[in-house]
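Below is one structure; the comments refer to it alone.
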Amino acid sequence: MNKKTSHETRMDLTLLLLLATVSLGNAQTSLLTVDSHDITVLLNTSETFVVFANGLLASDVPVTLGTDSEDYLLIDPASFVYPAGSTGNQSVVITGLRAGNVKVVADSDDAHKEIVKDVFVRVTVAKSRALIYTSIVFGWIYFVAWSVSFYPQIWSNYRRKSVEGLNFDFLALNIVGFTLYSMFNCGLYFIEDLQNEYEQRYPLGVNPVMLNDVVFSLHAMFATCITILQCFFYQRAQQRVSFIAYGILAIFAVVVVVSAGLAGGSVIHWLDFLYYCSYVKLTITIIKYVPQALMNYRRKSTSGWSIGNILLDFTGGTLSMLQMILNAHNYDDWVSLFGDPTKFGLGLFSVLFDIFFMLQHYVFYRHSRESSSSDLTTVTEVQNRSNESPSDVTAEKY
């Protein structure tokens with residue numbers, strides 16, 4: 001009897017030791033985190049975020065909060081100790097002192113640095129809430145304007161049953177550009193491995209791709225495909241994709257295929273492959289309007305090239321730049337506007353091209369446009385009459 005009791009005692013001790021080991025392991029892997037990694041606070045006002053543990057901690061964790069830039073925030077408390085075994089929340093109040101973007105990060109002793117690595121907050125200190133809402137409204141307007149801008153050309157082609165005047169090089173560059181843009185957006189938005197890779201590379205950063213980016217790029221690719229299909233079914237005269245455009249697209253294809261091969265062979269990361277695709281898209285954005293502008297110049301006419309597309313693109317580009325300027329003023333972040341001029345520069349470049357197209361349409365080739373429109377109407381009437389039976393023509397004549 002005593003022997004059995006001793007055996008049971010050893011079993012109980014083993015079980016307790018196993019449970020203690022599991023509990024200790026869970027405690028060691030428990031981390032501190034925050035309820036929100038992104039906060040916007042107005043100047044001279046306060047907001048609160050909460051620090052909490054996602055499990056029981058094995059020991060007390062000292063936490064010291066700091067910022068990557070001085071004089072932007074007042075943090076209260078700037079340091080505290082999170083007790084072992086606690087499930088409580090530690091509230092932290094931040095007060096905006098100076099407009100700008102700043103990161104609040106946590107530090108601890110060497111034994112607990114891993115535990116506090118997820119305690120960080122990206123704080124935007126704004127001057128005006130009204131400017132925040134204005135920026136949001138501008139963003140939605142230019143999103144709609146750019147999305148709708150594809151349809152005036154599609155409608156014009158359908159109404160005329162012709163794509164004469166629409167440059168095929170522009171379409172070829174456009175479909176490749178939007179395909180690569182869709183690959184970049186869908187990759188970072190839907191593929192978890194790429195999201196994890198981005199997070200590892202930029203631990204305090206935020207995924208730059210949002211749902212509206214995915215929707216816009218896929219819709220743009222769809223609308224461009226419709227326009228390309230129209231080129232196969234409607235009258236197009238002798239228009240075709242030029243050898244120069246084929247050469248440029250071949251270079252882009254080599255860059256994309258080689259990059260994909262390097263990523264597949266683990267020479268570079270797949271995230272780098274997506275970045276290379278985005279660089280090709282940026283290059284296409286710079287050059288894609290040139291063929292159409294040259295075609296209008298050589299024809300001395302903009303007939304067949306929808307001005308509605310340009311007006312909507314101009315509206316979207318202008319509001320996009322205004323939004324960037326508003327944000328730079330509201331967050332006192334002019335460095336992001338002029339220090340990295342890619343986005344603003346591309347927007348400005350597109351708007352300047354839109355202005356040039358409007359000058360071609362309304363000033364340089366205005367009379368030629370009116371003449372071409374009159375000729376088109378005459379040709380359409382002749383084609384319609386040719387499809388009528390003799391009896392119909394006689395009846396209409398009398």
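For all residues, glycine too, the Cβ spot is worked out from N, Cα and C.
Taken verbatim from TrEMBL:
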COMPBIAS  376-392  compositional bias 'Polar residues'
REGION    376-398  region 'Disordered'
SIGNAL    1-27  signal peptide
TRANSMEM  130-151  transmembrane segment
TRANSMEM  171-191  transmembrane segment
TRANSMEM  211-234  transmembrane segment
TRANSMEM  243-267  transmembrane segment
TRANSMEM  273-291  transmembrane segment
TRANSMEM  303-326  transmembrane segment
TRANSMEM  346-365  transmembrane segment
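Contact between the transmembrane segment (273-291) and the transmembrane segment (130-151) is not supported: fewer than 3 Cβ pairs lie under 8 Å, counting only residues 6 or more apart in sequence.
In summary, the transmembrane segment (211-234) does not lie against the transmembrane segment (303-326): fewer than three C-beta pairs, each 6 or more positions apart in sequence, are under 8 Å. Listed as Cβ neighbours of the transmembrane segment (171-191) (distance under 8 Å, sequence separation of 6 or more from its ends, same chain) are residues 198, 207-211, 213-214, 217-218, 220-221, 224-225, 227-228, 231, 241, 245, 248-249, 252, 256, 270, 274-275, 277-278, 280-281, 284-285, 287-288, 291.
Proximity of distant same-chain residues to the transmembrane segment (243-267), defined by a Cβ-Cβ separation under 8 Å and at least 6 residues beyond the stretch ends, is recorded for 168-169, 172-173, 176, 180, 273, 276-277, 280, 283-284, 287, 291. For the transmembrane segment (130-151), the list of distant contacts is 40, 212, 216, 219-220, 223-224, 227, 308-309, 312-313, 315-320, 322-323, 326-327, 329-330: same-chain residues at least six beyond its ends, Cβ to Cβ under 8 Å.
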